[in-house]
Amino acid sequence: MIKHLRSAADLDAPTATLILDTAAEMAALAGREVKKLPTLRGRTVVNLFYEDSTRTRISFEAAAKRLSADVINFSAKGSSVSKGESLKDTALTLQAMGADAVVIRHPASGAPHRLAAWVDGSVVNAGDGTHEHPTQALLDAYTMRSRLGRLDGLRVAIVGDVLHSRVARSNVLLLTTLGAQVTLVGPPTLIPLDVSAALSPSTKVSYDLDSVLPDMDVVMMLRVQTERMQDSYFPSAREYSRRYGLDLARMRKLPEHAIVMHPGPMNRGMEITPEVADSSRSTIVEQVANGVSARMAVLYLLLGGKA
Amino acid sequence: MASPRADAPSKIILSESDLHRVVDRIAHQILEKTSGATGTVLLGIPTRGVPLAQRLAARIHAFEGIDVPVGSLDITLYRDDLRLHATRALGKTELPGDGIDGRRVVLVDDVLFSGRTVRAALDALKDEGRPSSVQLAVLVDRGHRELPIRADYVGKNIPTSLDESVRVSLTEIDGLDEVKLTGGDK
């Protein structure tokens, strides 16, 4: 097993499959009366969050607690970071406290890679800048596999702001490793220029959502990062929504079995309409539940064995 | 425990027909000791305990026409030696539909050795529910207990030394039925 999970590219197909299989067992245990497992007793997991997050932080916290690890939550607000402490000094502090794993979310791409050089424990990337979010990709792959039964040969469209999306990048890497065929869809301003060189040679690109929908098994809608709206990547929210938003009419173009995913938080009415988000094809709530199982699997596989 | 070399001497302890007779006997003993297997659930411990539990259920059905619920209980997450080895892949836990609350649970495993697997299984069981009682059935008891644990049903007692290893093969997993003892200085 690998020591850190910094990028979805750290995972080869057998390792990724092992994580998904382990997540399936963890999910089965979530239905029991006693959800807690003694597996990581005595281990310490630090959640080091330099960026706001609801679901990812809570999900990691729930995952670590269900495995009986001690959890220390650290958010940059209200810590010495606001007094100017560097990431390295914070890392050394955590090191001195004996953290067995550090789960880090950071606005700077590559922060988890730096951190891994400074601490002895495992580092798990919970989202770094516009770079990667590997556990999101794992829970997405898990959701696809449990809904559709397989990943190999699955056709997946990732729609929206691919350029700034760490979710998209990790998904492309992981899904490609596991044999799925990814198509990136969005306005040309929000799709990287040379996707095949930057990510994987088999990845396709389309600027026309309507034309790709009939061939897809999965449509993953990305959040429009409203904080980037004024950067004029697209003319107006209404135009974006009309061309790349998923509404009922577009959803009907999908094959009967296809599912609709969204990593959250959603802008209802922008990239996805409420009717679609709440439809039976949407896996959005399922994704949150699966997130805990996927993160339990990652923590178990990183921390469960011989250090 | 070091695994014996490939060329180490090995001896067949139970042949295919011996193994079938032993499973039949345990099935009869379970019926006898549980007054007809009422309220009884068989839980196999992965990997080889699971097909053994299924065989016991099939034999009980053949003898008395009773359907005993069968399931599997993975104990990996409850092991006390996780930190001594590389991370282990998990096995399947599948409890019968009606659960184990108030039932007599018979844990089924292939080899009883240190007793640590059984301890882990008891811990796992307590998080799954509250059985009225728990019993243990093993195909082979090789001794060397490290915990105060004993089996209720034993297929065969095999005195072993610590440098020997007991290898149970079952058709469902290994393609043949056999129990072998390998290693040692004999």
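Keep in mind that glycine also has a Cβ here, set from the backbone N, Cα and C atoms.
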From A:R6, A:R105, grab the residue that TrEMBL records in the same carbamoyl phosphate site as A:R55, A:T56, A:H133, A:Q136, A:G264, A:P265.
A:R105
What does DSSP assign A:R105 (carbamoyl phosphate binding site), in three states?
strand
Nearest-integer angstrom distance between the alpha carbons (Cα) of A:R166 (L-aspartate binding site) and A:T56 (carbamoyl phosphate binding site):
13
Give the helix, strand or coil assignment DSSP yields for A:T56 (carbamoyl phosphate binding site).
helix
Rank aside, I only need the closest one: which of the binding-site residues A:T56, A:R105, A:Q136, A:G264 has its C-alpha nearest to that of A:R223 (L-aspartate binding site)?
A:G264
Please report the Cα separation of A:R105 (carbamoyl phosphate binding site) and A:K83 (L-aspartate binding site) in Å, rounded to an integer.
19
Largest CA-to-CA spread of L-aspartate binders A:K83, A:R166, A:R223, angstrom:
32
Summary of DSSP states over the domain 'Aspartate/ornithine carbamoyltransferase carbamoyl-P binding' (A:3-145), given as helix, strand and coil counts:
66 helix, 27 strand, 50 coil
